[in-house]
Amino acid sequence: MSRISRQAYADMFGPTVGDRVRLADTALWVEVEKDFTVYGEEVKFGGGKVIRDGMGQGQMLAAEAMDLVLTNALIIDHWGIVKADIGIKHGRIAVIGKAGNPDVQPGVNVPVGPGTEVIAAEGKIVTAGGVDSHIHFICPQQVDEALNSGVTTFIGGGTGPATGTNATTCTPGPWYLARMLQAADSLPINIGLLGKGNASRPEALREQIAAGAVGLKLHEDWGSTPAAIDCCLGVAEEMDIQVAIHTDTLNESGCIEDTLAAIGDRTIHTFHTEGAGGGHAPDIIRAAGQANVLPSSTNPTLPYTINTVDEHLDMLMVCHHLDPSIAEDVAFAESRIRRETIAAEDILHDMGAFAMTSSDSQAMGRVGEVVLRTWQVAHQMKLRRGPLAPDTYYSDNFRVKRYIAKYTINPALTHGIGHEVGSVEVGKLADLVLWSPAFFAVKPALVLKGGMIVTAPMGDINGSIPTPQPVHYRPMFGALGAARHATRMTFLPQAAMDRGLAEELNLRSLIGVVNGCRRVRKPDMVHNTLQPLIEVDAQTYQVRADGELLVCEPASELPLAQRYFLF
């Protein structure tokens, strides 16, 4: 039997079982757990390579073969870190296994035929497209920025750069919901809209859900009173949608105890649960320990650095329509920015108490940095806290699975769309992101949306090859014309489907129906299930989890930063 060195094999076909890969310039390493390919029967495209007629490519018709195969990919997902070929059919993940020609090769379950396209994923990492569950729809150009960062699904609300949208993630009322659903139909990203949940009577909330809202947002700027919270959650229980909440920073209508009492044992998604983005001062972070609370962070506080506090004050004044000449407005802003709770947030993420990360796009958050900042936290926590059991200093597989779940499967489960997106699993939309390991979490090699390339780095269009400088991200064919509608999904609640809303609005995109929102609990948050007793000292703001004081120094230097953004 012919043999080649492990290094030569990795150079040709990508890493295999036991090989380790560093994630960009972080301190994180992953080790390949399983290889679905067959040694000696690997498929690869190119001159003199395997995927040729009668060799790695068979004679089957399109109905029997894949539309697209990603060869020799290193998949990093919440369920594993494995090497495999990925078969895509009709825009969905069809098979994860061994590609090739079953007529002449053993073990093939990803058949390649004359109708099959190939993306070479040797030496590349493949992850699921990110799910950003805290979007202010302030401008449509956010979509380009998000796609170029590896995010393929938006959950949020808004109507453009209106004052209400600049502060709150709400698309209020049936008329605006209809217009935003029609606008979203032309954007090459999956979208679900949140309606305004601040009401003390249920009728106006029910009509928003029937008009297409997949969830309701309670925001203190509209009045997150106990009455509004109770009413909103009552409608959510009735109509199986999620509720997201930004609680009362000023504690005017009640404190954290009153909000938790109003919520009861009902599931709720708490936004920026640390509090700098808003919420009961100084102890909204306590909510992260509740079994029915699904806590997320927004990315400006992630990770805690020497610049975090200074940046937040200016952001807050703009986003919440505050006046720096009014003492009460300044006091409101300062009450939300606490070094101690921001530092504790990173540690609670590493412990698995905080389950999700998100952006808060253009409203105290950066839409293109959800993926990047999540991994910066993971890096910092490895440096500060060492390996997470059962990891060793040689690999960080468990920590990597915990952190990737925060912006993929967990927000998808939270908002009832986990059956369509959020992981690299058979049957789900082929929303996939390819990364060169050196650029992981920073700059994707290309992004697939529903099986088509939607964005990618591209060189000089008049060049004789695709790679001459200047290279920058450009929209691809998946972002154009009717291809958008065949590869993107609009999410709707069952109540909107029952009334035929998609047909009424002439929506041309794929439709996904949210379900199971009310059954999701903290134990369902993949790799992020911890429910500690969290205590905050009202005078010093020190945070303890199950009695442990949570403190860490701010970072003065980070990976995934200036090294990658000279241009």
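Glycine too: its Cβ is placed from the backbone N, Cα and C atoms.
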Matching residue for the Ni(2+) 1 site, where Swiss-Prot names His134, His136, Asp360 - out of Lys49, Lys217, Lys443: Lys217
Integer Cα-Cα distance in angstrom, His134 (Ni(2+) 1 binding site) to His246 (Ni(2+) 2 binding site): 11
Residues close to Ni(2+) 1 site centre defined by His134, His136, Lys217, Asp360, Cβ within 8 Å: Ile135, Gly156, Gly157, Thr168, Thr169, Ala244, Phe271, Thr298, Ser358, Ser359, Ser361, Ala363, Gly365
For the Ni(2+) 2 site built from Lys217, His246, His272, further residues of that chain with CB within 8 A of the site's CB center: His134, Thr168, Thr169, Leu218, His219, Ala244, Ile245, Thr247, Thr270, Phe271, Gly277, Gly278, Gly279
Asp360 (Ni(2+) 1 binding site) to His272 (Ni(2+) 2 binding site) - Cα separation in whole Å: 9
Residue from His136, Lys217, His219 whose C-alpha is spatially nearest that of His246 (Ni(2+) 2 binding site), among the binding-site residues: His219
Assigned conformation of His136 (Ni(2+) 1 binding site) - DSSP reduced to three states: strand
Local Cβ density at His134 (Ni(2+) 1 binding site) - other Cβ atoms counted within 10 Å: 33
